[in-house]
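In what follows, a single structure is set out as structure tokens and then discussed.
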Amino acid sequence: MIIRSPESEVKIVVERDPIKTSFEKWANPGHFSKTLSKTDPETTTWIWNLHADAHDFDSHTEDLEEISRKVFSAHFGQLAIIFTWLSGMYFHGARFSNYEAWLADPTHIKPSAQVVWPIVGQEILNGDVGGGFRGIQITSGFFPIWRASGITSELQLYCTAIGALIFAALMLFAGWFHYHKAAPKLAWFQQVESMLNHHLAGLLGLGSLSWAGHQIHVSLPINQLLDAGVDPKEIPLPHEFILNRDLLNQLYPSFAQGLLPFFTLNWSEYSEILTFRGGLNPVTGGLWLTDTAHHHLAIAVLFLIAGHMYKTNWGIGHSLKEILEAHKGPFTGEGHKGLYEILTNSWHAQLALNLAMLGSLTIIVAHHMYSMPPYPYLAIDYSTQLSLFTHHMWIGGFIIVGAAAHAAIFLVRDYDSTTSYNNLLDRVLRHRDAIISHLNWVCIFLGFHSFGLYIHNDTMSALGRPQDMFSDTAIQLQPIFAQWLQNTHVTAPSFTAPAATASTSLTWGGGDIITVGNKVALLPIPLGTADFLVHHIHAFTIHVTVLILLKGVLFARSSRLIPDKANLGFRFPCDGPGRGGTCQVSAWDHVFLGLFWMYNAISVVIFHFSWKMQSDVWGNISKQGVVTHITGGNFAQSSITINGWLRDFLWAQASQVIQSYGSALSAYGLFFLGAHFVWAFSLMFLFSGRGYWQELIESIVWAHNKLKVAPAIQPRALSIVQGRAVGVAHYLLGGIVTTWAFFLARIIAVE
């Protein structure tokens with residue numbers, strides 16, 4: 001018998017009126033920082049430090065409780081911003097869009113929710129999107145989401161927009177209330193079991209359940225009527241379906257039985273509403289809404305159970321600390337011992353894990369949005385499909401770099417080696433040389449071999465020797481594992497889900513083509529030598545990004561070059577004067593360099609996606625059933641050389657953005673030009689030293705003094721770290737906007 005000490009009960013503890021609400025502080029810039037508030041802004045460096053440290057709560061105080069409250073309060077501010085943004089989207093849909101026209105004819109009318117005012121000729125940007133409506137074509141995917149939600153009028157969008165604003169105000173109030181009036185104590189933030197239970201059961205469980213309920217009671221009947229061609233104005237309003245059961249009974253007879261089949265385990269009665277079909281609805285080209293309702297109900301059940309698994313005031317359930325400390329293998333020393341203390345005392349450590357998972361999940365979302373398009377008519381809106389993929393890939397890349405940044409900050413600021421003796425984290429840190437040198441070898445191998453295959457092909461192509469190239473028609477390098485995986489997904493459902501009519505995604509294969517309004521929604525995606533080559537470029541760029549970021553994390557505290565690196569902090573330019581060759585070694589500099597390789601990696605991914613889809617998936621179908629792809633299937637033969645990527649993708653597809661002037665797409669031409677300028681501007685910060693600018697500034701200040709117009713705040717050149725931060729920000733912004741303009745001008749013109 002195991003006798004255990006009685007565990008302390010979880011108490012909800014808050015501190016009343018901890019900090020007075022004061023607007024006077026706002027009039028005192030830098031009030032949050034000891035160093036900034038003591039000095040007046042004598043130089044421009046003070047202003048830069050103000051911006052750098054405003055949200056670095058660690059630099060304001062060392063009190064973890066106060067830091068936790070600030071983070072918690074800031075989360076409500078973030079939610080207020082999100083609700084305000086959503087409100088704006090819905091308001092645009094209500095006030096400036098052709099949503100009702102699109103709803104009536106989604107295959108011929110393009111979505112638009114922005115109309116440019118005629119001031120000095122800008123109305124040229126309002127293109128003809130069909131149905132006599134002139135506006136800017138939007139590519140955010142809101143129209144398909146609204147249709148899937150069961151929104152049938154612009155009045156409903158208005159109401160939702162107002163509701164979102166009310167929620168934004170509530171969030172702002174909550175942020176103020178939980179910092180100034182009733183601030184949680186540190187123990188509340190550290191009670192992980194309660195937090196897991198509430199987040200799993202509340203946010204994910206009840207959130208999924210309420211969405212499943214909405215889908216069943218509102219979305220399904222409205223979408224069924226829309227699919228049948230009923231005029232949206234004739235369809236009952238959402239609340240009528242909820243209040244009047246007879247309306248649902250007419251569409252789904254099993255509804256009349258209520259919850260009886262549920263409690264008698266006769267669940268098959270619900271097979272009209274909750275299905276397991278697989279594939280896509282041939283009318284809309286989206287997932288079957290009955291499948292997605294079933295999915296959300298199942299997810300809700302899982303998370304509601306998960307939200308009751310952790311031990312709080314009742315003596316049953318899991319203890320996170322016990323789970324972690326029991327997690328030991330024969331070769332892993334103390335295993336996960338000490339990680340509980342790390343994750344309950346370092347929010348950077350917890351944030352690093354959350355960002356790594358969220359970033360990966362965001363990239364998974366990007367890949368599912370096109371392969372399993374969840375909303376009606378999304379699959380035939382090629383510009384939206386391209387935008388959603390590109391957006392989620394960029395966001396995922398940034399979030400993963402953020403994970404490495406906060407992992408390094410944790411090691412520099414929060415890591416205590418005495419509590420992590422011989423656990424997995426300690427063992428990883430002690431094996432860092434082996435990890436990084438092996439990863440470096442992998443990067444060299446992948447780089448030379450992946451790029452080498454292209455160089456070989458370019459050379460053979462230039463010499464007129466196509467028979468010696470790696471291609472589907474010469475020396476084949478077929479992606480046999482990927483093809484096996486595709487085939488497995490096509491054949492498996494007949495054994496694992498006999499009731500399903502199709503596999504999870506049409507992209508796996510099987511021969512089915514879904515077309516909507518003479519446009520291809522989705523078809524099996526063939527993989528060949530060209531995909532094998534570019535996938536190894538993906539492997540290379542991802543591994544180099546990981547190498548840079550992981551090296552920054554594992555060497556954040558110390559290295560052979562700088563054994564006391566932890567004392568220098570997260571970001572520093574060099575190890576002081578007199579030690580040459582110690583610049584650009586801070587953890588921050590690794591994040592800086594990692595961002596460039598993340599940009600490389602994601603760029604190749606979105607280029608690959610854009611060309612592959614235009615070549616092998618997207619296109620029109622004739623009455624005879626012949627599919628004509630946008631670029632005529634040229635990916636397999638053109639993308640196997642560097643020259644092919646430059647000539648047949650970048651140059652050939654840039655013609656639309658370059659020739660956009662004088663058309664409704666001209667804004668993209670201007671963005672393309674301007675973003676190139678922003679990108680080039682970044683090089684000025686990245687390729688020149690601080691001293692150059694300081695000399696120039698002093699010369700300019702001399703001229704101002706001569707004219708007696710010298711400023712009171714003395715101008716200073718940016719520090720090395722500030723210059724690099726400004727440089728990478730403009731590099732990424734310029735590059736991403738250039739790509740965005742290039743993609744959208746192209747795809748809107750040809751789809």
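Each residue, glycine too, has its Cβ placed from N, Cα and C.
Among the features that Swiss-Prot reports, transmembrane segment is placed at 71-94, 157-180, 196-220, 292-310, 347-370, 386-412, 434-456, 532-550, 590-611, 665-687, 725-745, with the record citing sequence analysis. Swiss-Prot lists CYS574, CYS583 with the feature [4Fe-4S] cluster binding site, giving sequence analysis as the kind of evidence. According to Swiss-Prot, the chlorophyll a' binding site annotation covers HIS676, on the basis of sequence analysis. As annotated by Swiss-Prot, chlorophyll a binding site applies to MET684, TYR692, with the evidence given as sequence analysis. Under the heading phylloquinone binding site, Swiss-Prot lists TRP693.
For the transmembrane segment (292-310), same-chain residues at least 6 beyond its ends with a Cβ under 8 Å from one of its own Cβ atoms are 192-194, 196-202, 204-206, 208-209, 211-212, 215-216, 219-220, 273-276, 317-320, 374.
Here the transmembrane segment (590-611) does not lie next to the transmembrane segment (71-94) in space: the count of CB pairs under 8 Å, restricted to residues six or more apart, is fewer than 3. All chains included, 13 other C-beta atoms sit within 10 angstroms of the C-beta of MET684 (chlorophyll a binding site). As a quick check, the transmembrane segment (665-687) and the transmembrane segment (532-550) miss the bar of 3 or more Cβ pairs under 8 A, pairs 6 or more apart, so the two do not touch. Rounded to a whole value, the Cα-Cα separation of CYS574 ([4Fe-4S] cluster binding site) and TRP693 (phylloquinone binding site) is 19 Å. Classification of the residue listed as 'phylloquinone binding site' by DSSP places it within a helix. Between the binding-site residues TYR692, TRP693, the minimum number of other C-beta atoms within 10 Å of a residue's C-beta occurs at TYR692.
The two recorded residues CYS583 ([4Fe-4S] cluster binding site) and HIS676 (chlorophyll a' binding site) have their Cα atoms spaced 29 Å from each other.
In this structure, the C-alpha atom of HIS676 (chlorophyll a' binding site) lies 13 angstrom from that of MET684 (chlorophyll a binding site).
Counting Cβ atoms from all protein chains shown, CYS583 ([4Fe-4S] cluster binding site) has 13 others lying within 10 Å of its own Cβ. Classification of CYS583 ([4Fe-4S] cluster binding site) by DSSP places it in coil, neither helical nor stranded. The two recorded residues, TRP693 (phylloquinone binding site) and MET684 (chlorophyll a binding site), show a Cα separation of 11 Å. HIS676 (chlorophyll a' binding site) falls within a helix when secondary structure is assigned with DSSP.
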